[in-house]
Amino acid sequence: MHLMLVLLGLAALLGTSQSRTGCYGDVNRVDTTGASCKSAKPEKLNYCGVAASRKIAERDLQSMDRYKALIKKVGQKLCVDPAVIAGIISRESHAGKALRNGWGDNGNGFGLMQVDRRSHKPVGEWNGERHLMQGTEILISMIKAIQKKFPRWTKEQQLKGGISAYNAGPGNVRSYERMDIGTTHDDYANDVVARAQYYKQHGY
């Protein structure tokens, strides 16, 4: 009896730890076409698509790993898949490599997740927990806006729509098939999802 209770408790604990980052869907179940050639070309790649996204994510992995524990901590706190946070960080700042003193986008984007100071007041250090919390909370607000706008979409479709909205706002997401039209290089969610799937395979 005691052993049964211990096993049940362990099963509940494992279930909780899994669900603690899966509130907004499973990124591995999201379809993606990966990076457009417009995103691949500046990275000096002569191919596009999922392979290009994965190659860029691979190049960023060493820098990303410096923040792995922090990304996972924030993901658990906010119930967001850490791989999705990592995918956004790779796309936005190459895990910090593209920033000058923590800033990018001509001085408008702050931190690893490039919080736009024209829309939000950046908080914390550019590579710290408060910044990652803020960026991830912005992502959650976008996912929730898409959930409200498209209630019949699956969780995974809403997750992808929220990622697209993180770049161009929920108003830009007009249909599932064309959600990335109007995002940077017209591929934002597809590229981020493909990178996130790579990071998922590398312990995020």
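Just so it is clear, glycine is given a Cβ too, placed from its N, Cα and C backbone atoms.
These features come from Swiss-Prot:
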SIGNAL    1-19  signal peptide
DISULFID  CYS23-CYS79  disulfide bond
DISULFID  CYS37-CYS48  disulfide bond
ACT_SITE  GLU92  active site
ACT_SITE  ASP105  active site
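Annotated features taken from Swiss-Prot, shown on the structure.
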residue: CYS23; record: disulfide bond; Cβ within 10 Å: 14
residue: CYS37; record: disulfide bond; Cβ within 10 Å: 14
residue: CYS48; record: disulfide bond; Cβ within 10 Å: 19
residue: CYS79; record: disulfide bond; Cβ within 10 Å: 14
residue: GLU92; record: active site; Cβ within 10 Å: 25
residue: ASP105; record: active site; Cβ within 10 Å: 16
*Check the Cα-Cα distances from GLU92 (active site) to the recorded positions CYS23, CYS37, CYS79, ASP105 and tell me which is shortest.*
ASP105
*About how far apart, in whole Å, are the alpha carbons (Cα) of CYS48 (disulfide bond) and CYS79 (disulfide bond)?*
31
*Can you tell which of the recorded positions CYS23, CYS79, ASP105 lies nearest to CYS37 (disulfide bond) in space, using Cα positions?*
ASP105
*Please report how many Å separate the Cα atom of CYS79 (disulfide bond) from that of ASP105 (active site), as a whole number.*
28
*Express the distance between the Cα positions of ASP105 (active site) and CYS23 (disulfide bond) as a whole number of Å.*
30
